[in-house]
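Annotated features in Swiss-Prot:
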{"type": "BINDING", "residues": "Q73, D74, L75, K76, H125, H144, Q161", "note": "substrate binding site"}
Amino acid sequence: MIDKSAFVHPTAIVEEGASIGANAHIGPFCIVGPHVEIGEGTVLKSHVVVNGHTKIGRDNEIYQFASIGEVNQDLKYAGEPTRVEIGDRNRIRESVTIHRGTVQGGGLTKVGSDNLLMINAHIAHDCTVGNRCILANNATLAGHVSVDDFAIIGGMTAVHQFCIIGAHVMVGGCSGVAQDVPPYVIAQGNHATPFGVNIEGLKRRGFSREAITAIRNAYKLIYRSGKTLDEVKPEIAELAETYPEVKAFTDFFARSTRGLIR
């Protein structure tokens with residue numbers, strides 16, 4: 001169904017069964033598949049292809065040659081009706097690719113809201129990207145990667161499958177991330193190693209001086225105390241009782257499966 005207030009360019013192809021919301025704009029030479037839902041106010045500039053069982057929220061801007069919901073690159077994929085879900089107010093720039101999930105990985109590739117995905121960024125099957133994240137030009141996420149809120153991944157950076165990028169992390173450009181990056185950390189290199197706390201990012205987002213100090217103390221326990229992670233976990237949990245921002249570390253530890261960058 002195409003809402004009567006939506007615009008569809010005469011050269012665009014919107015297949016029967018697709019849903020186009022109010023005030024959406026489907027530009028020249030776009031292709032929208034039969035199981036696609038485009039939310040209110042979302043703009044497909046031109047030459048955008050949206051396939052598969054894909055749901056896109058409202059007020060997104062999707063630029064030319066982006067491909068969303070296409071068949072993933074997992075050799076086990078056998079055509080199952082897996083999905084892509086994208087939230088609201090994202091800017092998805094030229095030639096970005098976002099692939100549908102796999103049955104083995106839960107069947108869903110998910111992108112939240114208010115993200116900036118720069119030119120040629122790639123989000124593989126079963127990835128989860130939170131809110132207000134930035135993937136710079138040519139940043140690539142392998143399958144099953146999680147990127148938490150406010151994370152920034154630099155240009156030409158590759159993230160290994162199943163890795164977790166914590167909230168407020170900054171990964172420098174041209175890096176290779178092979179293990180999990182704890183929240184608030186700056187990481188750089190191939191393989192990526194920690195370079196301290198993303199202090200400037202936390203200041204910009206309104207973290208108090210006391211909270212930043214507590215986060216830095218947790219970082220020092222993890223990386224500079226000479227203790228094992230199991231040894232410092234109780235100390236970080238105790239610190240989190242006073243400073244709730246530190247709880248992001250304890251929650252992260254519970255999710256981590258690949259070990260932390262070192």
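Each residue, glycine too, has its Cβ placed from N, Cα and C.
Model, not experiment: these values are computed from the prediction.
Shown here: features listed in Swiss-Prot, placed on the structure.
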residue : record                 : Cβ contacts under 8 Å, 6 or more apart
Q73     : substrate binding site : H99, A124, H125
D74     : substrate binding site : T102, Q104, G105, H125, G143
L75     : substrate binding site : none
K76     : substrate binding site : T102, Q104
H144    : substrate binding site : G105, A124, H125, D126, C127, Q161, F162
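Overall, the recorded substrate-binding residues Q73, D74, L75, K76, H125, H144, Q161 cover a maximum inter-Cα distance of 15 Å. Shown in sequence order, N72, Y77, T102, G105, A124, D126, G143 are the same-chain residues outside Q73, D74, L75, K76, H125, H144, Q161 whose Cβ sits within 8 Å of the Cβ centre of the substrate site. Note on the binding-site residues H125, Q161: the fewest other CB atoms within 10 A surround the CB of Q161.
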